């Protein structure tokens, strides 16, 4: 450097420093000065300020390059993009397209040029999409004296017009696919082309790319619809709907060559990219260089791309795209005269910054000056780009929109991220492309790069919107992808790619649940205004090691028969603990959670091994033979040992069916006789001692291992207990006898002691703090009363006290459901009304919740009268409910027993009563009450014999397939069985867990009442994975009827939006399609209605187009799911819809 120049530069540096310019600016000034002395004599215009006429990640990509070059940056944004990151990344940002639709704003050339002129912009970079390939935009820039970072307007025009580009390729000797010579202007021209060349054909937008306006047509019937859709998409995306049509090459590879030219005729290639992995003609994964590409073919592709570029005098960056058929022949398809989305992989393997090069070329620099000579460009390793989009692969890649609640990216060596909207709190709208972040992985070869990419994708956590990450992970692990070549049909032909591993999303779902409770209160109805206790129960110390041997070990060793013999031979009284089921069903409305049962289970296992058993499950099974057999098999596999089989009417055919199923599954069969009446009262002969002994005879003959008396209402008095059990013991000296009762009247302990004295082997109890009233007799009382006698239970009383203390505190957590909130004691009137314990509690709650608390006495009297109306039934679920329904019906309608009998032919009885009288439950002892039955049923059909015998077999295979289609492949045999028995409950359960995650990890107080503001707590998801959560704040109601709830999760701020159900009732929202209602058609994705193709009253066939939606510049036709008639239409053109919004209703 000569001395004068050196002095000038030193003075220039001093001036810059004094004026506040930084080091970047000085370096740039030095570079410009140096090259001013060495560049070829041609126009040179240094760029000081660049506007990017685009949005999102490409705008940020260019801004970063400009900052590195010391160039000031300008962003433009639409009204819908005020919160977008690209606006914040620029030095200046200006609104464009005020009042225009979202996409139109970025297509409004006058606004963009005005902003550039008003703010001293030297050059405009168009990015990709929008105006990047519009010649009139490049010309407008030139006319305004603003440089266009791209080819000349003429070149953009030639290359952007795919028909002219095709002609230029032919002139350059580059092979092309047969197609039209000019854009077509009518459907008739497309039809003529198809008749000449045959199907398949493809429509392509003449003035844009990226898959917009591109439609493959395989049959003549699809031609018109696809032409209209392609034209509409092209018009929306590029402002011009012109199309051209060409022959569609089946299963080609899509290979594109990156080119770079300058103003001096220099053109080089930067090797190729394989973009074959596509869906809907949009690239999903790109690779550079192309894997296993024939070297000679690679050379021809490079040469053809460079020759074509030279022929048109191409300058700046561009891409020449080819299709390569299965024979290795290549065909030119188009030139993209802009930067590509996937330019990143080329940068990674060549170490050439394409945006830097674009800007320098625009300034007037030559490629040799930039060190970009063909012989200097080398490929180093391999790079893969994955486009992470907010799309749902399981629903045909439908775009998803909403707020990103959680965002955590994958990073590390060999990973590059280009993004804009990828941050917590970002709102993904339906107005623009669904691209969230571009992930680029580089390594020494394809497998290394793929391994890094897989690792990075696994680290991502995106919550709030669906993404295609699970799909991308499947692609990256696919054997064909890793070891062979792929073509554009790769996704369509590998349906296993759609076997998506569901994301757990446990933490965010739990926050949603907690937020829901904080905003709307408990998810389960609270019968009384009582708060859960703030004290959590403490589990007593548990001995290390395995629990002691118990009766289950006998069962596993000797089988059901040996187990029964061991029970009968046992000295002393055995107890069954109902705390885990019937006790909390009776006292706490069956609201006790598995969470609290699991907490105390180890203590019980170690300290109560000499119990007969623990009651764990109870319920009514449907009468299908196959269903009962399958249930018993699944229950046995899950640890159920003893099956207490009963029927609410003691209907023998039903009981035998259950006994056979339990025995076939390998379980202990305990046939239970449901007890009612009073065998000690000679005036009550319907259910006499003879009746019970005779029924027991039949059950023993049927093969029961254990004989049980099930006293659901607690009607067994000590004397009756002695009579009944003595008679059974005398009759069946070798069969174990097991007695179950309730303590509603307070005489339960006395009755069970009497049973034990009379020869019962097992009686049911509940731990003290969960005993009494409508529950079972007290365990502690039975242990204490038999201690030191021949009936000694062998249970340590102090362990009972520890066990009871746990449940005393735990019970406080369920204060809103505790029967003592409305019922302060048991009542001996149960001997008159015969209401079962659990039902007694429920009826008491219902009476208070309906404001009839002072009339509960009347309800109980009505129950007794209803029982007589129905013929004096044995009252066990479901027969007890039938009696209860009739009783409430009588109280609500102020009817006496006589009035009901008299008006039976005109009253509208509860459905349960009608179905009972039809025979759906079975045949009661003594038959149905007449003439009451005939008057109620009139001409309704009646069932003779066992009700379930007429039911068709359950098709479990079909049921499982349906469940998998609805809920995914993670369906277990237990799920199938649950859905078979309780379809509605199972559906609600799956929906609940899908929305709220593993709520069983939450403490009961948090589950029921939610956290208090500023409360800190921990949640253990699994061993070694603990969430630290703090509730921070509850936001105000927004326009969508939501409140934002703020948390701190593991030290990071998290928030969730929760719908305020009370506020929502007062606000108007578009109705949602109900999946359970056939004929309701919902929006498959958020978007705008472009066209409604039917009218109310129109006849439609299955698969017929109903309407057209547009989202993220992609149009989707909503087809009819069934044949029928349009009943109602709930949308109009231009209406904006959310996912699942109701579009229309069809009736068959």
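For all residues, glycine too, the Cβ spot is worked out from N, Cα and C.
Small disclaimer: the values here were computed from a predicted structure and weren't measured.
Taken straight from TrEMBL:
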type: BINDING; residues: 162, 246, 281; note: ATP binding site
type: BINDING; residues: 582, 710, 740, 742; note: Mn(2+) binding site
type: BINDING; residues: 877; note: substrate binding site
type: DOMAIN; residues: 46-496; note: domain 'Biotin carboxylation'
type: DOMAIN; residues: 549-801; note: domain 'Pyruvate carboxyltransferase'
type: MOD_RES; residues: 710; note: N6-carboxylysine
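Mapped onto this structure are the features recorded in TrEMBL.
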residue : record                 : Cβ neighbours (10 Å)
162     : ATP binding site       : 25
246     : ATP binding site       : 21
281     : ATP binding site       : 17
582     : Mn(2+) binding site    : 25
710     : Mn(2+) binding site    : 22
740     : Mn(2+) binding site    : 26
742     : Mn(2+) binding site    : 31
877     : substrate binding site : 17
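A gap of 60 Å separates the Cα atoms of residue 281 (ATP binding site) and residue 877 (substrate binding site).
In space, 877 is the closest of the binding-site residues 582, 710, 740, 742, 877 to residue 246 (ATP binding site), judged by Cα positions. Checking each of the binding-site residues (162, 582, 710, 740, 742) against residue 877 (substrate binding site), the C-alpha distance stays within 10 Å for none of them. In sequence order, 578, 711, 712, 741, 764, 776, 837 are the same-chain residues whose CB sits within 8 A of the CB centroid of 582, 710, 740, 742, the residues recorded for Mn(2+) being left out. Over the domain 'Pyruvate carboxyltransferase' (549-801), the average per-residue pLDDT in this prediction is 93. Counting only the Cα atoms, the space from residue 582 (Mn(2+) binding site) to residue 162 (ATP binding site) is about 76 angstrom.
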